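**Q** Pasting in a structure now, in structure tokens, and then I'll have a few things to ask.
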């Protein structure tokens, strides 16, 4: 019996993954020897350290520009916005390179190396040139003037940091998820947990840099803060490289833009071809559709592992024409010179057509998440301004208004465990599915929007009370005596709105990461993660547009607008209620989009029998 058991154990170790991943030599990945939680934990630690490093640079960048480089508030804020926007644009570049040419592992290593070079050169530039006289850069001691060369070196460094972190960010989440086999029940469950822990590690990294590094830099210890970031970035890269023999990879599938254009061109060329109605998720080869257009000349077992085929879905019927074989295509195919070149622009595989449909279906869902990001960005701006106009002292201890975001991070940590241990098992019981499944990704994103509405209502109600207490304080002061713009309401009344934002992040951003990773086609996984990042960046832009628009409309001769510099003269509560109303409208549109959405389905031809490699 023991030899049989031994053989079984050996075979179990030799079974390949079912999702088409390969090891670093390009052979099908063996489940027992690659990936899973050992590789996953390395990615999580790497993400935590890299987040600590990027926040160590970004969180007080606006203070560095004002105190050390002597810029005024508006110019510094503008420069930080440009820098943040650029970082997110680079995330699209990183996603494109990894999906098309380099693969995720190589892209992560190259961009992390650029990131390390950027943070080290920023630390050197600051400590050698910018922080002169020594000890300058706190609130008391101003720094001397700087040469144009030193300023240029500083900007080169921070934009290298943006390039490195931007290019790496969308790939690391997807690369971590690649370590778990979608087609294996146990690993598929781990993959879902991975996204929750990934968001948690991101928050823990930012908690450390927001508190400890933020405090150091606020005290003027800029060089120490930057060097701590550099050490963290370097350690992240070294740890990532340690896992090289363990990682699972997916081979990049070439430039997606040309694949998209081929489908559109082929569909337009065949606009007169009649398309028969095909039920959802039918196998390609049962119909007039092309099963595999022009097979690659490679070992058949390898290609069987690499290219999962997407099943046909209803909708966007016009695009289906691109995959219909016509008499003309047979002529082109028989003519050897024409095959290969003109054919792919005349005739596409169903998988190619479904890729385009898939992206078109993801876009409405993605657009609905942008307004959520507008709510999320209030935490860094208006919540802090609101907090600064409240009572920020407990006996003699002063609480920095920005540090209230710690409640958001603690809330994220708590709700990740509440979701995994309580909410999901509860819904799995109620739904009675087989196998048991909790809330779907789309349902979680919807709940995220509901909780975001509650957060805005909470912030608006707190502001109503803050104004009431401020007015009472002014009345008690008596006429003509200035008694400060702070309300007597304690800053801790802001706790519910921070906790609710944290809870909504767990539902919305973790759900969004999972959803885009799960639903993006194999050749566009990193692009899916980049969409999540650009949603946050567009949220920033839309938020600033909205504030400008509201101020233009609400400012009159006798009225200083809803958000003036002295909040006691304004109506910040109305702005929060406006955001709640806009998010409610967004939620209604989102529900329609989610009902209309059709999930991507793959053929599981090679997964139905486990493939055992012969020794």
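The backbone N, Cα and C atoms fix where each Cβ goes, and this holds for glycine too.
Note that TrEMBL annotation is computational and uncurated.
Okay, so TrEMBL annotates it like this:
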type: TRANSMEM; residues: 37-65; note: transmembrane segment
type: TRANSMEM; residues: 86-103; note: transmembrane segment
type: TRANSMEM; residues: 109-131; note: transmembrane segment
type: TRANSMEM; residues: 143-162; note: transmembrane segment
type: TRANSMEM; residues: 194-216; note: transmembrane segment
type: TRANSMEM; residues: 223-247; note: transmembrane segment
type: TRANSMEM; residues: 363-384; note: transmembrane segment
type: TRANSMEM; residues: 405-423; note: transmembrane segment
type: TRANSMEM; residues: 443-465; note: transmembrane segment
type: TRANSMEM; residues: 530-555; note: transmembrane segment
type: TRANSMEM; residues: 575-593; note: transmembrane segment
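Context for these features, please: burial, neighbours, distances.
**A** Counting same-chain residues at least six beyond the ends of the transmembrane segment (143-162), those with a Cβ under 8 angstroms from any Cβ of the stretch are 54, 57, 61, 67-70, 83, 86-87, 90, 114-115, 117-119, 121-122, 125-126, 129-133, 136-137.
Within its own chain, the transmembrane segment (223-247) is flanked in space by residues 23-24, 34-35, 38-39, 42-43, 45-47, 49-50, 52-54, 56-57, 60, 105, 108-109, 112-113, 115-116, 119-120, 122-123, 126-127, 131, 175, 178-179, 209, 213, 216-217, which lie at least six positions past its ends and keep a Cβ under 8 Å from the stretch.
Nonlocal intrachain contacts for the transmembrane segment (363-384), taken as residues 6+ away from its ends with a CB within less than 8 angstroms of a stretch CB, comprise 401-402, 404-405, 408, 442, 445, 448-449, 452, 455-456, 459, 494, 497-498, 501, 504-505, 508, 512, 515-516, 531-532, 535-536, 538-540, 542-543, 546, 563, 572, 575-576, 579, 582-583, 586, 589-590, 593-594, 596-597.
Counting residues 6+ beyond its ends, the transmembrane segment (405-423) has Cβ neighbours under 8 Å at 193, 196-197, 199-200, 203-204, 206-207, 210-211, 379-380, 383, 438-439, 494-495, 498-503, 505-507, 510 in the same chain.
Among residues of the same chain six or more beyond the transmembrane segment (443-465), those with a C-beta under 8 A of the stretch's C-beta atoms are 365, 368-369, 372, 375-376, 378, 382-383, 386, 489, 493-494, 496-497, 500-501, 503-512, 515, 572-574, 576-577, 579-580, 583-584, 586-587, 590-591, 594.
Sequence-distant contacts of the transmembrane segment (575-593) (same chain, at least 6 residues past either end, Cβ-Cβ under 8 Å): 364-365, 368, 371-372, 374-375, 378, 382, 445-446, 449-450, 452-453, 456-457, 459-460, 463, 547, 550, 562-563.
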**Q** Taking a Cβ cut-off under 8 Å, which residues six or more beyond the ends of the transmembrane segment (86-103) line up next to it in the same chain?
**A** 110-111, 159, 162-163, 165-171, 249-256, 523-527, 529-530, 533-534, 536-537
**Q** What residues elsewhere in the chain lie close to the transmembrane segment (109-131), defined as a C-beta under 8 angstroms and at least 6 residues from its ends?
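**A** Sequence-remote neighbours of the transmembrane segment (109-131) are 50, 53-54, 57, 68-69, 94, 102, 137, 143, 146, 150, 153-154, 156-168, 171, 222-223, 226-227, 229-230, 233-234, 236-237, 240-241.
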